[in-house]
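Annotated features in TrEMBL:
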- THR169: active site, nucleophile (ACT_SITE)
- ARG197, VAL198, GLY199, ASP200, THR220, GLY221, HIS222, GLY223: substrate binding site (BINDING)
Amino acid sequence: FGRMKPVIVVHGGAGRIFKEREEGSRAGVVRAALQGYGILKQGGSALDAVEEAVRSMEDDPHFNAGCGSVLNEKGEVEMDAIIMDGKNLDSGAVSAVKCIANPIKLARLVMEKTKHMLLTDHGAHLFAQAMGIPATPGENLITERSRERWKKNLEPDSNPEEFQKDLGTVGAVAIDSEGNVACATSTGGLSNKLIGRVGDTACIGSGGYADNRSGATSTTGHGESIMKVVLARLILYHMEQGMSPEMAADTALDYMKTRVGGLGGVIVVNNSGEWAARFSTKQMSWATVKDDQLHYGIYAGERHTRSIDEALTSESEGF
């Protein structure tokens with residue numbers, strides 16, 4: 001009964017990352033991975049690590065989750081989030097929630113404090129109140145950039161689809177020293193989406209899935225396509241058939257592309273601690289820490305490696 005070496009992998013969304021946002025996206029996923037890994041190194045749970053990593057990205061306006069979320073057709077933020085525990089397949093999710101800073105925390109409470117798995121909109125709001133989560137005024141979550149984009153998309157000759165390629169769901173997967181796996185995913189959804197639209201993120205098996213028997217995965221990309229192929233569960237199915245995380249991810253992404261024309265990205269960790277970060281979009285910001293080594297990238301084939309000590313030093317100095 002050897003203790004597992006902990007591993008965390010995070011993503012900051014697949015799509016198109018504009019040049020001026022690259023540095024912020026890189027720094028944001030690295031920070032999230034280091035924070036999650038800090039918890040794992042102290043013997044903390046995979047569940048706590050993925051929640052903390054995602055919370056870190058929700059609070060970072062570079063990402064389309066929490067503060068910085070894109071706006072729906074009415075100019076409001078509506079967010080979805082999910083968390084899942086690979087030990088017993090417990091999961092908690094929220095969808096179409098407004099006016100809360102960290103939907104991932106609310107998803108965790110749904111998992112632990114109710115008999116349900118998914119609460120939506122007004123009901124989720126009432127539950128947050130009952131749990132003593134302070135309401136955040138909606139405008140506090142809206143960045144200048146999100147408002148600009150929303151306005152642009154309202155113009156008669158605009159094509160919101162163009163902007164939706166820069167998606168930026170955030171997610172994390174981890175395995176802890178006990179060998180438990182977990183996943184967490186959070187998003188503001190699609191820019192100028194219909195009121196009440198819920199994408200893949202809040203849906204178990206699509207936006208994420210975790211099972212100690214195989215591993216954990218969190219997805220990002222075109223939500224409707226991800227839901228059609230139940231992408232997260234499909235990846236774990238391929239791993240159950242003996243594929244490596246990388247092979248399983250590529251096979252599932254390829255199927256989504258050929259079958260429904262959808263693009264996306266995924267992060268995966270299997271139950272022996274092997275990991276992958278793969279995407280069919282132009283870019284996906286990702287970072288991972290394993291064996292005290294940090295790896296991160298945005299472009300296909302890009303992979304920077306630093307020792308964790310070096311990373312933590314430059315983290316405290318601010319990239």
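For all residues, glycine too, the Cβ spot is worked out from N, Cα and C.
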- CB contacts under 8 angstroms to GLY199 (substrate binding site), restricted to the same chain and 6+ apart in sequence, sorted by sequence, are ASP80, THR187, GLY189, LEU190, LYS193, GLY207, GLY223, GLU224, ILE226, MET227
- Could you tell me which of these binding-site residues, ARG197, HIS222, has the greatest number of Cβ atoms within 10 Å of its own Cβ? HIS222
- Message: Using other CB atoms within 10 angstroms as the count, which residue among the binding-site residues VAL198, ASP200, THR220, GLY221 scores least?
- Response: VAL198
- Cβ-Cβ under 8 Å from THR169 (active site, nucleophile), same chain, 6 or more residues apart: which ones? HIS11, GLY13, ALA14, ASN64, ALA65, THR185, SER186, THR187, THR201, GLY207, THR219, THR220, GLY221
- Give the number of CB atoms, excluding that of GLY223 (substrate binding site) itself, located within 10 Å of its CB. 29
